[in-house]
Amino acid sequence: MLGSGRRRLLSTLLQVQKRPCQPCRNMRLVQFQAPHLEEPHVGLESGIGGGVVDLNTFDPALPKTMVQFLERGETALSVARRALAAQLPLIPRSQVTFLAPVTRPDKVICVGLNYADHCQEQNVRVPKNPIIFSKFSSSIVGPYDSIILPPESKEVDWEVEMAVVIGKKGKHIKATDVMAYVAGFTVAHDVSARDWQMRNGKQWLLGKTFDTFCPLGPALVTKDTIADPHNLKISCRVNGEIVQSSNTNQMVFKTEDLIAWVSQFVTLYPGDILLTGTPPGVGMFRKPPVFLKKGDEVQCEIEELGVIINKVV
């Protein structure tokens, strides 16, 4: 028999699938598995909640990982555009296992205190420069995978974030040129062990990078699909209750400024992921603080990008 948490997750997924499929104006790139495939493939999600076009079946010469796909640049994207225009048969969503849209990137870069309203809830000043930290790529899991509570932490918290995916190698990128280096956007959950985040001189890495602490997906939405990435509703629900609700227009440093800043220090590569910060409503600043527990279900949703749903185990 299914446990209550598993039943709730399946129920939520069915509700998402029953929503009207939002027409795909452009590309929603995914990595997926299916029973008839021997290995993961790259595909196109046919709108939020829709089925999947198998790009590797459409063109067997295409790479089967998103990082390699992005490394091909315009050559790979042009194939995807042709597949989109061809209105190919879809693999039903019920037959697909969605992976994170990007796995094993060279870097996962994160930004702290990057929402004005998040700074307000902590009663701290808006940073003068971006606060940068990282997660290891081993923390990445798919949009519907479980979040594993580590026995080492008693204070695991939620953070919905918009993630930017790099599409082209670059260093010392000017803010005015940044979007030429961006492939697109996706939904991220910056799961955070607050007790470990505050230890070791407040070096955040250990508290941010436990296995399964970076669910991503469901799709890499190409930049030309989004009219304005800095004016999107962003929210998080825990067991159906809204705990975070804001808009990406509250970001202190926009995508262009963040990437220009980071690229002063490191070379960015195709597939690199930049989490752009979280809005207010995280558990640690509630009175009393609230943290995730086994059986909880977390939904992170961003307008036009989609929703990821992760059970806590």
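Each Cβ is built from the backbone N, Cα and C atoms, and glycine gets one as well.
Of the listed candidates (ASP117, ASP190, ASP195), Swiss-Prot assigns ASP190 to the same Mg(2+) site as GLU159, GLU161. In the three-state DSSP reading, ASP190 (Mg(2+) binding site) counts as coil.
Sequence-distant neighbours of GLU159 (Mg(2+) binding site) (same chain, six or more apart, CB under 8 Å from its CB) are HIS189, ASP190, VAL191, SER192, CYS236, GLN244, THR278, VAL282, listed in sequence order. Separating the Cα atoms of GLU161 (Mg(2+) binding site) and LYS202 (N6-acetyllysine) is a whole-number distance of 21 Å. Sequence-ordered, the extra residues of this chain that approach the Mg(2+) site, with Cβ no more than 8 Å from the Cβ center of GLU159, GLU161, ASP190, are CYS110, TRP158, VAL160, ALA188, HIS189, VAL191, SER192, LEU275, GLY277, THR278.
Cβ neighbour density within 10 Å is lowest for LYS202 among the modified residues LYS202, LYS233.
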